[in-house]
Amino acid sequence: MAERTHACGKVTVEAVGQTVQLKGWVQKRRDLGGLIFIDLRDRTGIVQVVFNPETSKEALEVAETIRSEYVLHVEGTVVERGEGAINDNMATGRIEVQATKVNVLNAAKTTPIIIADDTDASEDVRLKYRYLDLRRPVMFNTFKMRHDVTKTIRNFLDTEEFLEVETPILTKSTPEGARDYLVPSRVHDGEFYALPQSPQLFKQLLMVGGFERYYQVARCFRDEDLRADRQPEFTQIDIEASFLTQDEILDMMERMMTKVMKDAKGVEVSAPFPRMKYADAMARYGSDKPDTRFEMELTDLSEFAAGCGFKVFTSAVESGGQVKAINAKGAASKYSRKDIDALTEFVKVYGAKGLAWLKVEEDGLKGPIAKFFGEEDANVLMNTLEATAGDLLLFVADKKSVVADSLGALRLRLGKELELIDESKFNFLWVTDWPLLEYDEDADRYFAAHHPFTMPFREDVELLETAPEKARAQAYDLVLNGYELGGGSLRIYERDVQEKMFKALGFSQEDAQEQFGFLLEAFEYGTPPHGGIALGLDRLVMLLAGRTNLRDTIAFPKTASASCLLTEAPSPVAEAQLEELNLKLSLKEEK
């Protein structure tokens, strides 16, 4: 078999007159009665191959048996297309290959999905036949971008003198965060490894080990409830460095991301990226990962509401809650009463009891609650919300967390429905100064907002013992277009501070020693100040490739129920395997 001389998508007019050897899949076959045209596809694109009895009767006879997705080896001569046959939508649209020989390397059954970017297959069918789904050009291009992003990051970190170091996949189960995936030990009866949720502790120990600059394209595992931008196993760009300040880490990441955007996407983004404190993000956008491609910020009306005539507003403020509103400019005529009812049901999903609304008309405010506002109050509302005729004003009065969640989500919905978002924009944002801890009323304890190894502000260390809820974290999240790309922080590197953190989280001394004794001891051997960040590679590629589902950026992903439709994992194992591990199943009965 002759070697391939050209990729299908790379045969151009420069090759006219040459004999070429092509190998690929049949995208489409057209029989025009005496002539057969085949679109031959490989990962670079498509080229048209013509089977003509005047060129080769033998090749034409073989072509008559060929169907879609057959794998072919074609030998032929490159010729220019006639003037009326030129297809400028194809890179190879000015030429075609006159086949002299063809060899069927493999036949194919009729495929259960259409191998094309606009396939009509459901996602379940695509995942079951993932090897066919991956043949679609849009899928290959996504993974080519993933490769380019990873290569750019590796090259950048190499120039910054980072070492790529692999950390263990079989490790120790620790509390906090999501549930671990557990792996039973055959050698140690009744004991389990855990698959890492992140390399957090090991990368900190590498800093203790004097490596100073580490990175890893790390596989991570979390047994958590899934959604469109979550998977049980995922890849993160894990980075840690000693002796750097927060500003130095953020500056380095900005330089890395601007290079990624330019090299992998061909887009210039300017640095430094904007920075916003967590409290400001929540106040202005109702989100810790705001999409800043459009405005429509939340406005706090609590002071006004406390003295207005609308009891729903006043009682919310009196009970310690707040009232906030968003002004959907020019949207009054676009939302009927039925549409607003749908918005009301939408905010209820986020805990809101309802959605108050007003439309601004030339002669004043109109809507179910307009009667509660006199002329003076109406003017204050209009001025505060910068409202003009044609605007739609939407209000939520509730607990602060409910107001933020519901209006933050409503803002995003309106941004999409009103087409306010410029999809060509890439808006990066740092969210900084996070709370160190979050209180869970159900569990009656504090949890780490990021993780238990995040350094508090120096002046807040003592608050861990006196007022933990007030302690701020030296933490930062990188946000792109309303998605959290990753998070990082400066780390605790002193034993006494780490012990205070564990105590604030409700760990006894014994529990802390049992779970993290190796880390606490390491801190006694001259641990340097250090910090880092972890960026979600899958999510970054999803955004750059314009995909809406994380599964499209992972070669063999899991479904929303954490199963693989291709291999049918997870699956039962043989009784002998369980016996070898000294395990016995005790399954709960379905109710």
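Glycine too: its Cβ is placed from the backbone N, Cα and C atoms.
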Figure out which of Gln231, Gln474 sits with Arg222, Asp223, Glu224, Glu484, Gly536, Leu537, Asp538, Arg539 in the ATP site per Swiss-Prot. Gln231
Name the residue range among 12-15, 124-127, 200-203 that Swiss-Prot annotates as region 'Aspartate'. 200-203
Long-range neighbours of the region 'Aspartate' (200-203), counting only residues six or more past its ends (CB under 8 A): 167-168, 171, 174, 214, 216, 238, 240, 451, 453, 516, 519, 532
Gly84 (site 'Important for tRNA non-discrimination') versus Arg491 (L-aspartate binding site) - Cα distance in angstrom: 67
Considering all pairs of residues in Arg222, Asp223, Glu224, Gln231, Glu484, Gly536, Leu537, Asp538, Arg539, annotated in the record as contacting ATP, what is the maximal C-alpha distance expressed in whole angstrom? 19
So if I draw a 10 Å sphere around the Cβ of Arg222 (L-aspartate binding site), how many other Cβ atoms end up inside it? 20
Just how many other Cβ atoms lie inside 10 Å of the Cβ on His450 (L-aspartate binding site)? 19
